[in-house]
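Record features, source Swiss-Prot:
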- 21, 22, 23, 36, 59, 60, 61, 62, 120, 158: substrate binding site (BINDING)
- 209, 297, 328, 355, 356, 357, 358: ATP binding site (BINDING)
């Protein structure tokens, strides 16, 4: 990566601004999954060990109006982070700017840390954070000593005041360890993969993945398709899909992708079908591709699992984004489990999960530790897989 990283700058005695991704799920004020906080620890600890004073920025959820602030404070995150670091984390509830926040920042000593309140509280007044308000970016930049560390891969595809805005107003904007690793794993897998390179794409909508499929058809040796979008590809070929999910307005796109694919695009050959999405009374495997009338496909079937297993044999690089079925339901997990197991059993494979539902599936189904890398950013990893330039990354200082 030709951008400066946190190891390229002198941190001792400096107020270092850090964009992290602490957008964690909360239930009744309790964090239900702290992976994103854990993922940011190496960068935060490094800054503190080097004698820097870390000033952390993060968003949490969506905030459009005053009422949305309820339950969106980063206070529980500050407490969790303090426990993980084993030291106090300064935090002023509700403060994204102002004299009290500035005083707390100026009171920091080397090796101490402060968390600024949810950056999206600034969205209540004209979406200042989300629209990268120039004045806000300048103000936040003024709170530090000219160094900004972006370690929030999850928002790297956004142009916000807390990433791009601060970057534009500091002397050096650098990548943290998490951002550096994310880019290294995903970009290298797509741009300079060890071959054979197999991409696996699931999820429900073709519309979400058109750019990704197009880019990966050029880069990968094989592209396997599963999940709900299977049925749009089926219908585009005149295959009966029963009541399965379909994007009627994307049938032509699916047809074009199949024509362009030169045999690289591999579709399932059977499905697990049910007579309803919820409250079903019958679940069965289809004989072939066609889904029965009155039924809908909710997972890939056993023949497809075997076919995908065969397609993955000998793969050296695998990028997976999107589950094969409705994995949250035990009746429709087999496809996702089968594909995960087929990936991780390949000797010497570099296996990457592109965030979002696939990451949740690997974690919930106990396979997370078997993968080389699990991305922390769904949308950002999708855009990297699409070959797009991420604004948060582009804004960093060149080496």
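One-based numbering along the chain as shown.
Cβ from N, Cα, C; glycine included.
Shown on the structure are the features that Swiss-Prot records.
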| residue | record | Cβ neighbours (10 Å) |
| --- | --- | --- |
| 21 | substrate binding site | 24 |
| 23 | substrate binding site | 20 |
| 59 | substrate binding site | 27 |
| 61 | substrate binding site | 14 |
| 209 | ATP binding site | 23 |
| 297 | ATP binding site | 30 |
| 328 | ATP binding site | 13 |
| 356 | ATP binding site | 19 |
| 357 | ATP binding site | 21 |
| 358 | ATP binding site | 31 |
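In the three-state DSSP scheme, residue 355 (ATP binding site) is classed as coil.
In this structure, the binding-site residues 120, 355 were compared by how many other Cβ atoms lie within 10 Å of their Cβ, and the smallest count belongs to 355. The CA atom of residue 355 (ATP binding site) is located 18 Å away from the CA atom of residue 59 (substrate binding site). Rounded to the nearest whole angstrom, the C-alpha distance between residue 328 (ATP binding site) and residue 120 (substrate binding site) is 30. Ranking the binding-site residues 209, 356, 357 by Cα distance from residue 120 (substrate binding site) puts 356 first. The secondary structure of residue 120 (substrate binding site), as reduced to three states from DSSP, is helical.
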